[in-house]
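Asks: Pulled these from TrEMBL:
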REGION    1-28  region 'Disordered'
TRANSMEM  47-69  transmembrane segment
TRANSMEM  84-101  transmembrane segment
TRANSMEM  113-130  transmembrane segment
TRANSMEM  181-200  transmembrane segment
TRANSMEM  230-247  transmembrane segment
TRANSMEM  259-281  transmembrane segment
Amino acid sequence: MQGSARRRPFPAAAPGSPQPTGPLYPGRHGAVKNEDTFKTSPFHFDLWFYFTLQNWVLDFGRPIAMIILPLEWFPLNKPSAGDYFHMAYNVITPFLLLKLIERSPKTLPRSMVYVSIITFVMGASIHLVGDSVNHRLIFSGYQHHLSVRENPIIKNLKPETLIDSFELLYYYDEYLGHSMWYIPFFLILFIYFTGCFTPVEEESRMPVAALLLMGPSSLYYWYLVTEGQIFILYIFTFFAMMALVMHQKRKGLVLDSNGLFLFYSFIITLILIALWVVWLWNDKILRKKYPGVIYIPEPWAFYTLHMNNLHAAKESF
C-alpha cells in the first residue's frame with residue numbers, strides 16, 4: 001500500500017483550467033520547447049534598415065561631419081559634431097542589438113548577451129575619447145598613414161615623454177577600444193545567427209527589401225573591418241557561420257531570410273575587402289604603415305595620404 005501511494009498519479013486538471021507546467025510535468029514542458037525550436041521569424045526590415053541607416057550616418061558619417069562643418073562651430077578644445085554622432089551611436093546601437101536578440105525565434109543565452117552589450121558600450125565609449133582627439137589632430141597636420149612617432153607634429157614634442165602619452169592614446173583608440181567594441185558586436189551577431197534556421201525550404205529566401213539593403217550593409221561592414229583593422233575577428237566569425245550552416249544542413253535545417261541576409265552580407269564584404277587589398281597592393285607608403293602578413297589599409301589612412309593631398313593641390317591653383 002505504501003509503495004502504491006508513492007506512485008499515485010497526479011490529479012487531472014479540471015476541464016477548462018490551464019494545464020500545469022514545470023519540472024513535474026516533463027511532457028508538457030518538452031512540447032513547448034520543441035515548438036520554440038522550429039518557430040520562424042519574418043524578415044526584420046525595420047531593424048536591419050535602422051541598423052544600416054545609423055551605421056552609415058553615426059559611424060561612417062561622424063568624421064566626415066567633423067571635417068565638413070565649419071571649425072568655428074566646434075572649436076578644437078570642444079567636442080566636435082562627430083563626437084555627438086558617436087555618442088548617439090553608443091546609445092542607439094546597443095538598443096538595436098537588444099531588439100534584434102528579442103526577435104530571435106530561438107531562446108538565446110541572456111547572460112552572454114548582457115555581458116556583451118555592457119562590454120560593447122565600454123569599448124565604444126573608450127574609442128569615442130581616443131578617436132575624438134586623433135581626428136582633431138588632422139587639423140594640426142597629423143597624418144594617419146604614418147605611425148605616431150613618425151608624424152611631423154609629434155616628432156618635435158618636448159619633453160619626449162609626451163610622445164609616449166600620444167602612443168597610449170593611440171593604443172586606447174585603435175587596440176583596446178576596438179577590441180572591446182567589435183568583439184562583443186560580432187559575438188552578438190553570431191549568437192543571433194545561431195537562431196536563424198528553419199526546416200521549411202520555402203522560408204529560405206530573401207524578400208526584395210533584403211536585397212536592396214544588402215549592398216549598403218555589406219559596404220558598411222567593409223568599412224568596419226578595414227578601418228577597425230579587425231579582419232581576423234571578422235574572418236573567424238564568418239568561418240564560424242559557415243561551419244554552423246554546414247552542421248545544421250546535415251540536420252535538415254536551412255537559413256531563414258534574416259540568416260541569409262546576414263550571411264550573404266558577410267560574403268559580399270569579403271569580396272570588397274579582397275578588391276580593396278588588390279587595388280592598394282603596390283602602395284609602398286601604406287605597405288610601410290601595415291607591414292604584417294595581413295595587409296589591409298585603413299580608408300582614413302588612404303584619405304590622408306592621397307585624397308587630402310589631392311584637395312590641397314586643387315586649393316593651390
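Placement of Cβ uses the backbone N, Cα and C atoms for every residue, glycine included.
Caution: TrEMBL annotation is automatic and unverified by curators.
What's the neighbourhood like for these features in this structure?
Replies: Proximity of distant same-chain residues to the transmembrane segment (84-101), defined by a Cβ-Cβ separation under 8 Å and at least 6 residues beyond the stretch ends, is recorded for 44, 47, 50-51, 54, 57-59, 61-62, 65, 108, 113, 117, 120-121, 124-125, 127-128, 131-132, 185, 188, 191-192.
Non-local neighbours of the transmembrane segment (113-130) in the same chain are 83, 86-87, 89-90, 93-94, 97-98, 101, 169-170, 172-174, 176-185, 187-188, 191; each lies 6+ residues outside the stretch with a CB under 8 Å from one of its CB atoms.
Long-range contacts of the transmembrane segment (181-200) within its own chain (CB-CB distance under 8 A, at least 6 residues past either end) are made by residues 38, 40-41, 93, 97, 100-101, 104-106, 108-109, 112-113, 115-117, 119-120, 123-124, 126-127, 224, 228, 230, 233-234, 237, 240-241, 244, 248, 252-256, 258-259, 262-263.
Listed as Cβ neighbours of the transmembrane segment (230-247) (distance under 8 Å, sequence separation of 6 or more from its ends, same chain) are residues 178, 182-183, 186, 189-190, 193-194, 221, 224, 255, 262-263, 266-267, 269-270, 273, 294, 296.
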Asks: Excluding the flanking five residues on each side, which residues at least 6 beyond the ends of the transmembrane segment (47-69) place their CB within less than 8 Å of a CB in that stretch?
Replies: 80-83, 85-86, 88-89, 92-93, 96, 99-100, 103, 135-136, 138, 209-210, 213, 216-217, 220, 223-224, 258, 261, 300
